[in-house]
Amino acid sequence: MSALQIKKGSSKHSAYNLRPTFSDVQETHTITVLVENEPGVLARVIGLFSGRGYNIDSLTVAEVDHEGHLSRITIVTTGTPQVIEQIKAQLGRIVSVRDVHDLTAEGSSVERELALLKVASTGDKRVEALRLADIFRAQVVDSTLESFVFQLTGTPDKIDAFAELMRPLGLVQVARTGVAALARGKV
Amino acid sequence: MTRQMTGAKMVVQALKDQGVDTVFGYPGGAVLPIYDEIFQQNDIRHILVRHEQAAIHAAEGYARSTGKPGVALVTSGPGATNAVTGLTDALLDSIPIVVLSGQVPTFMIGSDAFQEADTVGITRPCTKHNWLVKETDKLSSIMHQAFHVATSGRPGPVLVDIPKDVQFATGEYTAKPQAPVGHYQPQVKGDLETITQLVEAIEKAEKPVFYTGGGVINSGPGASQLLRELVEATGFPITSTLMGLGAYPASGKAWLGMLGMHGLYEANLAMHGCDLMINIGARFDDRITGRLDAFSPRSKKAHIDIDPSSINKVIKADMPIVGDVGHVLEDVLKIWKARGRKVNREAIAKWWQQIEEWKKVKCLTYKQSETVIKPQYALERLEALTKGRDRYITTEVGQHQMWAAQYLGFEDPNRWMTSGGLGTMGYGFPASVGVQVAHPEALVINVAGEASWLMNMQEMGTAVQFNLPVKQFILNNERLGMVRQWQQLLHGERYSQSWSEALPDFVKLAEAFGAKGIICKDPKDLDDAIMEMLEHDGPVIFDCLVEKHENCFPMIPSGEPHNKMLLGDAQATNAIAGKGAVLV
Ligand SMILES: Cc1ncc(C[n+]2csc(CCOP(=O)(O)OP(=O)(O)O)c2C)c(N)n1
Ligand SMILES: [Mg+2]
């Protein structure tokens, strides 16, 4: 027998601590996935994220090419660089996925989200809400004497900032679409 | 060429077009039209299993022993849910199988109809891809695509769910050559620049090791051939995962034996101490790596895999090569030869000296007994008495599986079928049925534990009905041995629920099915009993009563690196402590 002995309590590390040599920095990436528009394709993508424990910060999906039966799914996700790489590779394995692009990693892109915010208030607060909406270039799409529904388009940060400002001014409901994104430039 | 026919006829026609000769299945209401078509033809043989899980494992056994996709046919609802374990097994071990399931008619889907289950929903995470066919016109092209997806790239299980009205309706049959294969076309050629880097590393390496896996087997016999050529030409040592046994012959002089949790001492230490690790078609599974931050700390790692998601999933690859093993090895050899077939002979010789030292430990030594059959001894005798025969081995899951991997030698690929990734008890018997169907003349042995074997024992009916002379070699320790071993090492010898009580009399059980039963408990009788099993032309249950509390060594305890291997009982008591205990 060899001299190798196991000291009691010597295993401090879990075999499932899968990334000891990789960076721990959390990054947020926007990933755009072109998929064949067939039943269940969204379930495949979402099932991948839930099954493997990845985060979904936001997800949007809609058909983008009716003739070609293609939909685009835009996913904003957060993870270590290694997890982000895995997510892209795992997405690429799905048979109905045509291509996967990491807009955050592949140079500059435009990202937009649309939000509807209902603000119910009167008096000074109502005036202030309207004034701020103007600054943010939010549109009033519905109004009663005690409420507005604002429509705002922009980056998720801009929408966050606007919602934060509206909170003390009577914000009662928010609906957001999630991010749609494309790479800048010709292709 | 297009022809009009019913959906049920299309299913059979598409199977014929795909060259399928055997289907493993079990009928039910939602597949009756397909069974009616099967009845009316003679090209495709239907093997009636006794449980749908067994149909899938049999299809896996067929696939792994032939390299062709296995096919199974099940009914809706319970038929499909019974298939789930087999599908998951095939997914984790990358086995190409095509499962056809019946479904309630399209107009009843969603109504909680009799034997309705959301089969594509349930099987989505345990298939490579699946389809619900809603129009008969699309059925044949989906069938062809299913075979394409199952067999290309990293192989895997696919499922086609076919509602009963789609089977009855008439539509247009699309023949295989006309069927669109779709956009799924995985990359098979590796990046030449990285391959050249690997060749440079091969030229300079002082302590190299080949670490090969199931990907070599999946890539086909040509890949095993190229691997053998590369190993012989470089003189580098080679080890393999459980899944890759047989790609390089066990009798080959560079063979170190299996690596991993129950791998050989020399194989694991070579992995730990190497300066160049060449991973060919393996995936750095946790059974292989042990503790990650101490895994082969000083090596440069090349990783050849057809699945890009395998690369950098667990272990960072210095030379990642995405491609089919066969294609990549061809390029490696070509470039290496063109550059003058260089290796650092002197360093390699020194490396082998070191390995020879490790081999002297003789890690597979066990304490022999005059009175009880040691499981290791049983396998040594089985090996000796079957060597040189046209032999296929399947296993169940547990200690016996690891001993089989350690003590049996595999000279060729596709000869060893075991549930690696999922570790499915109940796999081995039906898999042996599938192998025997594919190789009627061969010797097919399932090395089993008594507990695992009971999980699909109903397949005795299948074996007897179809005259499949499968040998069920049960190492009966009256224990859930592997569980018991962990309880000894980990849980203060509190053997909670890990013994097999009320076991059947296996000889009588065999006889009840109309097969032969043999029992052996004395080491002196073992050879004769094994010969009796081998000579019997028909299915045999061999009840080999073995030492009850034997432990399987070597063992790398959970959460430990390769060089912290346990070699015997003296080291083992309470060896797994602290956080290692939470790992499986
Ligand atoms: C379906 C299933 N259930 C449970 C387990 C957990 N498990 C792994 S090995 C084992 C014991 C197997 O006992 P046996 O077949 O007698 O083999 P032995 O270890 O005794 O050789 C168990 C319960 C498993 N792998 N698969
Ligand atoms: Mg047992």
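One-based numbering along the chain as shown.
Cβ atoms are placed via backbone N, Cα and C, with glycine included.
Note that the structure is predicted; figures quoted are calculated from it, not measured.
Lifted from TrEMBL, the feature list:
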type   : residues  : note
DOMAIN : B:5-120   : domain 'Thiamine pyrophosphate enzyme N-terminal TPP-binding'
DOMAIN : B:195-331 : domain 'Thiamine pyrophosphate enzyme central'
DOMAIN : B:397-544 : domain 'Thiamine pyrophosphate enzyme TPP-binding'
Residues in the domain 'Thiamine pyrophosphate enzyme N-terminal TPP-binding' (B:5-120) grouped by DSSP into helix, strand and remaining coil: 56 helix, 22 strand, 38 coil
Confidence summary for the domain 'Thiamine pyrophosphate enzyme central' (B:195-331), mean pLDDT rounded: 97
The domain 'Thiamine pyrophosphate enzyme central' (B:195-331), counted residue by residue under DSSP: helix, strand, coil: 58 helix, 27 strand, 52 coil
The domain 'Thiamine pyrophosphate enzyme TPP-binding' (B:397-544) - residue tally per DSSP class, helix then strand then coil: 65 helix, 27 strand, 56 coil
